[in-house]
Amino acid sequence: MCDFTEDQTAEFKEAFQLFDRTGDGKILYSQCGDVMRALGQNPTNAEVLKVLGNPKSDEMNVKVLDFEHFLPMLQTVAKNKDQGTYEDYVEGLRVFDKEGNGTVMGAEIRHVLVTLGEKMTEEEVEMLVAGHEDSNGCINYEAFVRHILSG
């Protein structure tokens, strides 16, 4: 069922164990998406919930899973090719480039990230845009997307 190599699986298990706060070889359901993202995947919150079997929100910080159950979920997410590409993200941000100079206002990016789609918190957005704004409050969106996709 699993298409990962032995080396990949060992690397994934090592990362999984970093999220194991109690040392029992398990992580909380609420950590599953973070582990997947740490391993280079980019699932939406909805995708994570789907592979977890759509648990109730109050179960997310109670239910746990071990690596043997996590790995097939990671495989499912890795096979999903509906993830956006560099070009997709740049094209999406180009809509906000009113002057056609390759930059967008940082305030606009902040607004979009906290209000649309999978909403981020203001703290998450600040961490994401930190160091990308120029003296005019503009962000070069191509460099911004490259930075985000590079992990």
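Cβ atoms are placed via backbone N, Cα and C, with glycine included.
Feature annotation from Swiss-Prot assigns N-acetylcysteine to C2; the stated evidence is a large-scale study or a structure entry.
Remote same-chain residues near the domain 'EF-hand 1' (7-42) are listed as 48, 51-52, 55, 59-67, 70-71, 73-74, 77-78, 83-84, 151 (criterion: CB distance under 8 Å, separation of at least six residues from the stretch ends). Taken from Swiss-Prot, the feature domain 'EF-hand 1' applies to 7-42, supported by sequence analysis.
Packing around S57 (phosphoserine) is summarised by its Cβ count: 8 other Cβ atoms lie within 10 angstroms of its Cβ, all protein chains included. The phosphoserine annotation in Swiss-Prot covers S57 and rests on a large-scale study or a structure entry.
Annotation source Swiss-Prot lists N6-acetyllysine at K81.
Summarising the annotation, Swiss-Prot assigns domain 'EF-hand 2' to 84-119 and lists sequence analysis as the type of evidence. Residues 42, 44-46, 125, 128-129, 132-134, 137-142, 144-146, 148-149 of the same chain lie 6+ residues outside the domain 'EF-hand 2' (84-119) yet bring a C-beta within less than 8 angstroms of a C-beta in it.
Residues or ranges marked as domain 'EF-hand 3' by Swiss-Prot: 119-151.
Each residue in the domain 'EF-hand 1' (7-42) gets a DSSP state, and the totals come to 22 helix, 3 strand, 11 coil. On the 0 to 100 pLDDT scale, the model's mean across the domain 'EF-hand 2' (84-119) is 90.
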